[in-house]
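Copied from TrEMBL, the annotated features are:
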- C142: active site, nucleophile (ACT_SITE)
- 9-87: domain 'Methylguanine DNA methyltransferase ribonuclease-like' (DOMAIN)
- 91-170: domain 'Methylated-DNA-[protein]-cysteine S-methyltransferase DNA binding' (DOMAIN)
Amino acid sequence: MKASQPQTIYYSLFEDEKWKLYLAATEKGLCYVGSPDKSFNEMKGWKDKRLPQAILQENNQVLAPYKQELSDYFNGRRKVFTFPIDLHGTAFQKAVWEELGRIPYGETYTYGQVAELIGRPKAVRAVAAAIGANPVMIPIPCHRVIGKNGKLTGFRGGLEMKQALLRLEQSPLSCETIT
C-alpha cells in the first residue's frame with residue numbers, strides 16, 4: 001500500500017502600499033490570511049496547529065488570483081470575494097466563520113448578533129473566541145464585528161487595520177463588485 005502524500009499549503013506575500021500579509025492556500029482554496037507586517041512564523045504557527053503534517057511551499061502563481069481580489073478590495077473595486085475558501089477549525093468555529101461571511105459589505109454586527117444568528121445567543125464569549133481565531137481575516141470579515149456599545153474591539157490585524165477596513169467599506173468611492 002502506498003503512503004499518502006502530505007498536503008501542500010502554498011503561500012505568498014501580498015503587498016500593497018499599506019499592508020503586507022502572508023496568504024496561504026490549499027488545492028481547495030484560501031486557508032489563511034496573515035496579520036499585517038507579521039513574519040512568516042505567524043503563518044507557520046497556524047499551519048503547525050491546524051495542519052501539522054502539511055508542507056509549506058512558496059508559490060506566487062497559485063496565490064495570484066487571491067492577491068488580485070485582495071488588491072481590488074483594498075482599492076475599493078471589490079465588495080465580494082469569489083475565490084474558494086478552505087476553512088480549518090472546529091465545527092463551532094466554522095459555523096461562526098460561515099456566519100461572518102454573510103455579514104454584508106459596509107455593515108457591522110455585534111458579537112451578540114452573531115451568537116443569535118448561529119442559534120447560540122448565550123455563547124457570546126465563545127463566539128468572540130471563534131472570531132478571534134478566524135484564519136482568513138478580510139475575506140471572512142471579522143472586522144465587521146464590533147462591541148455591543150458600538151466600539152471597535154480586538155482584531156488580529158490590529159485596531160488600526162480594522163478601522164481602515166470599516167472606513168474603506170463606508171467610502172462612497174467603493175464601487176460595485178467586479179467578477
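Including glycine, each Cβ sits where the backbone N, Cα and C put it.
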Residues of the domain 'Methylated-DNA-[protein]-cysteine S-methyltransferase DNA binding' (91-170) by DSSP state, where helix covers H, G and I: 41 helix, 7 strand, 32 coil
For the domain 'Methylated-DNA-[protein]-cysteine S-methyltransferase DNA binding' (91-170), the mean pLDDT of the predicted model: 94
Same-chain residues at least 6 apart in sequence whose Cβ lies under 8 Å from C142 (active site, nucleophile): L100, I131, G132, N134, F155, R156
For the domain 'Methylguanine DNA methyltransferase ribonuclease-like' (9-87), the number of residues DSSP places in helix, strand and coil: 26 helix, 24 strand, 29 coil
